[in-house]
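**Q** Here TrEMBL flags B:29-139 as domain 'PurM-like N-terminal'. The Mg(2+) 3 binding site feature in TrEMBL is assigned to B:ASP31, B:ASP76, B:ASP213. As annotated by TrEMBL, Mg(2+) 4 binding site applies to B:ASP31, B:SER46, B:ASP76. Look at TrEMBL and you will find B:SER47, B:ASP48, B:ASP123 tagged as Mg(2+) 1 binding site. Annotation source TrEMBL lists Mg(2+) 2 binding site at B:ASP48, B:ASP76. The feature substrate binding site is assigned by TrEMBL to B:HIS55, B:ASP263, B:PHE319. Positions annotated as ATP binding site by TrEMBL: B:GLY122, B:ASP123, B:ARG147, B:SER215. Summarising the annotation, TrEMBL assigns domain 'PurM-like C-terminal' to B:153-305. If you look up TrEMBL, you'll see B:ASP216 marked as Mg(2+) 5 binding site.
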There are 2 protein chains.
Amino acid sequence: MGEFDLIQRFFLEGQGRLAAGDEVPVGIGDDCAVINPTPGMQWLVSSDMLVEGRHFLSTVAPERLGHKALAVNLSDLAACGATPRAFTLALSLPRADEAFLAGFARGLFALAQAHGIALVGGDTTAGPLNICITVMGEVPRGQALLRSGAQLGDDIYVSGTTLGDARLALELFRGTVRLAGDAFESVRRAMELPQPRVALGQALRGLASSAIDVSDGLCGDLGHILARSGVGARLEADALPRSATLAAQDLALQRLCTLSGGDDYELVFTAPAARRVEVAAAAALAATPVTRIGRIEAEPGLRLFDAQGQVLPLALSSFDHFKS
Amino acid sequence: MGEFDLIQRFFLEGQGRLAAGDEVPVGIGDDCAVINPTPGMQWLVSSDMLVEGRHFLSTVAPERLGHKALAVNLSDLAACGATPRAFTLALSLPRADEAFLAGFARGLFALAQAHGIALVGGDTTAGPLNICITVMGEVPRGQALLRSGAQLGDDIYVSGTTLGDARLALELFRGTVRLAGDAFESVRRAMELPQPRVALGQALRGLASSAIDVSDGLCGDLGHILARSGVGARLEADALPRSATLAAQDLALQRLCTLSGGDDYELVFTAPAARRVEVAAAAALAATPVTRIGRIEAEPGLRLFDAQGQVLPLALSSFDHFKS
């Protein structure tokens with residue numbers, strides 16, 4: 001038995017046995033997993049591939065990497081309002097490093113258990129480090145939150161209170177910004193331990209008119225909603241929620257990080273203005289703060305305003321000039 | 001828009017639009033794909049990750065690589081008797097090489113169309129070449145072919161007529177064997193263009209007692225059936241089907257390639273001896289030749305016999321000593 005068979009046994013089959021049950025009659029260890037879809041539900045699927053240097057830094061602790069690899073996938077289910085059901089993990093590793101694998105598995109399965117989602121299959125191979133997860137979930141027929149439903153006059157919301165922190169952390173690692181120890185650790189957590197907004201997504205079923213998760217930056221991801229919905233928006237740039245750490249930075253950096261930082265894994269969503277009380281109730285039910293940050297307008301495109309109602313340059317919506 | 005956004009558009013969204021329809025209400029372009037499972041069916045899932053140098057050689061034509069990446073995944077569905085429904089593709093590429101992508105897509109989608117399976121989601125990123133596909137399919141409740149159902153006295157079958165050719169091709173590339181042009185091309189096709197036995201798998205539902213696809217070598221994969229079913233087997237080593245090209249090699253090499261070659265993507269399955277006529281009818285229905293190659297026995301483990309009924313050394317069941 002080669003070292004990669006050992007990984008497969010340790011890492012995958014152990015969890016596969018846990019997974020097998022009435023909902024997942026066959027878990028890891030056969031050619032396919034067998035899952036019983038819930039009658040009346042639609043099936044949702046998303047795949048993400050994580051590569052070192054692009055989606056995580058070599059400095060990340062294995063446990064946090066395991067968490068993040070699943071978190072970014074759960075975030076896609078959250079954006080559709082889905083209930084997580086199962087996931088597969090394909091892993092390419094340069095070598096079978098037991099400490100790495102143990103940490104990675106710990107972070108991965110802690111998050112999986114928190115969301116009641118089973119690892120049902122996967123693959124391991126030798127090769128450059130690469131993590132590919134496919135998540136599957138369910139929603140009642142026709143209730144998936146999509147990018148295409150935003151309507152004229154809808155409010156725009158974003159979840160969480162630390163938008164932009166993940167990007168601030170990246171800039172710290174890049175050396176373009178400096179921060180003291182505690183502040184560094186808190187933004188580093190935002191980058192390495194994003195919390196997928198699964199409960200919020202489910203609470204917004206039948207309420208939000210559109211939703212997306214913030215992976216590439218708020219403005220860019222909101223732009224996908226606008227394009228698919230055939231509408232425009234006005235965004236109150238200074239109303240965006242941010243941490244005390246980020247709020248202590250230059251205003252220009254604050255705006256760049258919140259508007260176009262990326263890697264936040266918060267939800268941006270729209271809902272009719274008449275349903276503000278229900279949105280607040282959904283947020284409370286999900287124990288996830290949300291902030292109203294703008295409004296859907298008929299005119300295509302995105303317009304940014306500051307706290308004084310002055311127009312801000314759209315260049316803020318892209319971090320490109322900041323990139324190395 | 002970066003070059004990888006362009007790939008995503010060209011390569012994924014174009015097909016996603018084709019895929020969207022009643023069975024797949026939301027294809028590529030949202031956070032998740034939305035699929036309508038067929039009522040009464042169970043959902044089957046499998047993921048495979050392909051890395052250059054381990055799963056394919058750098059010499060492979062992009063079109064064949066696209067075919068093979070999906071074929072090895074469809075082969076897992078075939079081994080379970082599933083009807084293919086959808087797949088996701090995650091792709092890490094060193095650079096956006098248009099000729100490579102066009103060829104890869106051509107091979108991938110030709111096979112996808114042949115099996116009526118839709119690309120519903122995916123991911124593209126810059127990084128070392130890595131292809132991760134997750135396939136999903138369906139079977140009527142309780143009818144998935146598993147590794148665990150082989151019974152004492154069952155016949156053992158293998159599909160196809162070119163078992164071992166893929167391994168012979170690998171040895172040619174490694175320079176341990178030499179072959180003339182035409183013969184080289186035919187075994188190279190076996191390695192680069194495996195045909196997943198999807199129709200046969202479906203025809204064997206309710207008939208085969210167990211099944212697996214041959215990816216790591218016949219003996220090793222049959223070993224998984226034996227272990228999971230708690231039985232042993234006798235295998236007629238010289239009854240294994242092989243091509244004229246392989247049959248022209250040394251008998252020792254023939255045995256190594258057929259018994260433990262790997263990368264064949266044929267089905268090995270078991271069925272009650274009383275149902276031989278039905279197995280022949282299923283093979284005819286699927287237009288896929290099958291050969292009876294052994295019998296399930298009570299004594300654990302695998303025993304190999306030659307054409308004269310003499311015991312062969314079990315070392316033949318592993319290619320390890322042959323590896324570079």
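The backbone N, Cα and C atoms fix where each Cβ goes, and this holds for glycine too.
Show me how these features fit into the shown structure, please.
**A** This prediction places the mean pLDDT of the domain 'PurM-like N-terminal' (B:29-139) at 92.
DSSP gives B:ASP76 (Mg(2+) 3 binding site) a helix state.
Taking the Cβ of B:ASP76 (Mg(2+) 3 binding site) as reference, residues of its chain lying under 8 Å away and at least six apart in sequence are, in sequence order, B:SER46, B:ASP48, B:VAL135, B:ASP213.
For B:SER47 (Mg(2+) 1 binding site), the same-chain residues that are 6 or more apart in sequence and have a Cβ closer than 8 Å to its Cβ are B:ASN73, B:CYS132, B:ILE133, B:THR134, B:VAL135. Secondary structure at B:SER47 (Mg(2+) 1 binding site), as computed by DSSP, is strand.
There are 20 other CB atoms within 10 A of the CB of B:HIS55 (substrate binding site), with all protein chains counted. In this structure, B:HIS55 (substrate binding site) belongs to neither helix nor strand by DSSP; it is coil.
For B:SER215 (ATP binding site), applying a Cβ distance below 8 Å and a minimum sequence separation of six or more within one chain yields B:VAL72, B:SER75, B:ASP221, B:GLY262, B:ASP263, B:ASP264, B:TYR265.
Under 8 Å, Cβ to Cβ, and six or more positions away along its own chain, B:ASP216 (Mg(2+) 5 binding site) finds B:GLY262.
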**Q** Of all the binding-site residues here, B:ASP48, B:ASP263, which one's CB has the most other CB atoms within 10 A?
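**A** Checking each of B:ASP48, B:ASP263, the winner is B:ASP48.
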**Q** What is the maximum Cα to Cα distance, in Å and rounded to a whole number, among the residues B:GLY122, B:ASP123, B:ARG147, B:SER215 annotated as binding ATP?
**A** 32
**Q** Just give the helix, strand and coil counts over the domain 'PurM-like N-terminal' (B:29-139), going by DSSP.
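**A** Reading the DSSP string over the domain 'PurM-like N-terminal' (B:29-139) gives 35 helix, 47 strand, 29 coil.
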**Q** How many Å lie between the Cα of B:GLY122 (ATP binding site) and the Cα of B:HIS55 (substrate binding site)?
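**A** Between the alpha carbons of B:GLY122 (ATP binding site) and B:HIS55 (substrate binding site) there are 20 Å.
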**Q** Does DSSP give B:ASP213 (Mg(2+) 3 binding site) helix, strand or coil?
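**A** Strand, per DSSP.
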**Q** For the binding-site residues B:ASP123, B:ASP213, which Cβ has the most other Cβ atoms within 10 Å, all shown protein chains included?
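**A** For the binding-site residues B:ASP123, B:ASP213, the Cβ with the most other Cβ atoms within 10 Å is B:ASP213.
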